[in-house]
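A quick write-up on the structure given underneath.
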Amino acid sequence: MNISEFKAGEPEQQYEYRSFLPTSINREWIVSNPEILTLLEEANRRIGELNAFSQLIPDVDFFIRMHITKEATTSSRIEGTQTNIEEALVGKLDVDPEKRDDWQEVHNYIEAINFAIEELSRIPLSNRLLRETHAMLLRSVRGKHKQPGEFRTSQNWIGVSLKHATFIPPHHQHVPDLMSDLEKFMHNDQIHVPHLIKVALIHYQFETIHPFLDGNGRLGRLLIVLYLVGFNLLQKPALYLSDFFERHKGEYYDQLMAVRTTHKLEPWLRFFLFGMRETTALSIQVFKDILALKERIERKHMPTFHARRQINAQTLMLSLYRSPVTTIKMVTGLIKAETNTAAALIDDFVKLGILKEFTGQRRNRLFIFDDYVRLFRR
């Protein structure tokens, strides 16, 4: 089917409302729009560049942890949580009590990403993996009573109430078949659909099905990177579109809704591919900036430590790329030294401008590698 001939679905009358029944997507798709094909080519080229960077950078998995933390905070913020990246980097007890539910949601997201990426090294992307990941997303948080890990068995909606909903997804009786069709489309190697077109369609269809009672937005955005990793488009999970979607939140929701009301896929595909191209370029720039920061610190600051202390300084420095918030107690354990030795090392890092204390307290102080974290705040 040419995407210009697409029919998104049709309203289906229920007892007191009309839900939307989407068309199945497991079919051949033909894209002939020149602008979309150009965006597709540019996005693919930049993904290739990102893969090259991720292969060349030493200890790249340390930096991937920060990409994941940023994704967790950004995707959760789209859904209304208020945790920022600094709060996500500290322990739960270091966060104000009224913010701990938000903190837990973000950390569930981090655990869910790590779990799903690890599982993809053993099993293919599937509805089973999505359900297991969903269960982790909603564990011990506000959505824990909304069937974590299970496709919904009741009607959901987007809006303040069913009566005043802006969108009512398909009746729950259709969810198993629609999700089965989605899964088959992911793995259908008899059709020739470019991967980035495919994942754009998958994200749209997942958000339209809204297969869970809660957490659909977060899991739908996570599904993008799971597809890219699961089908070997990405060598490392360093590309997340939530930041782009948040900066264009109104257009993001409008574009998804417009497909359902106008049956036109081209605007959504343009928006998605533009986001993919822009986000990939930003991810590449972050890697470049990390390497520049790392080189500057190694050239300018590490030589100021004499030989005996330089080993401890290098150990702490490497640890900060993985977890850029630390404490004297953590450094004591890291370098296996006395508290005074760890405190002196942190003090040196503060004087050099590598670390910054950000609680303002005299006890239980927290120190942040701010120049590094700032690269992920942009």
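Even glycines carry a Cβ here, placed using N, Cα and C.
Curation plays no part in TrEMBL annotations; they are all automatic predictions.
Note that the structure is predicted; figures quoted are calculated from it, not measured.
Under the heading ATP binding site, TrEMBL lists Glu79, His210, Asp214, Gly215, Asn216, Gly217, Arg218, Leu219, Gly220, Arg221, Tyr252, Tyr253. Gly220 (ATP binding site) counts 23 other C-beta atoms within 10 Å of its own C-beta, drawing on all protein chains shown.
Averaged over the domain 'Fido' (125-274), the predicted model has a pLDDT of 96. Residues annotated as domain 'Fido' in TrEMBL: 125-274.
The active site annotation in TrEMBL covers His210. Contacts of His210 (active site) defined by a Cβ separation under 8 A and a same-chain sequence distance of 6+ are given as Arg152, Asn156, Ile158, Pro169, Pro170, Asn216, in order along the sequence. His210 (active site) falls within neither a helix nor a strand when secondary structure is assigned with DSSP, and so counts as coil.
Counting other CB atoms no more than 10 Å from each candidate's CB, the binding-site residues Asn216, Arg218 peak at Arg218. Each residue in the domain 'Fido' (125-274) gets a DSSP state, and the totals come to 86 helix, 2 strand, 62 coil. Cβ packing within 10 Å was compared across the binding-site residues Glu79, Asp214, and the lowest neighbour count falls to Glu79.
For Tyr252 (ATP binding site), the count of additional Cβ atoms within 10 Å of its Cβ stands at 23 [all protein chains shown].
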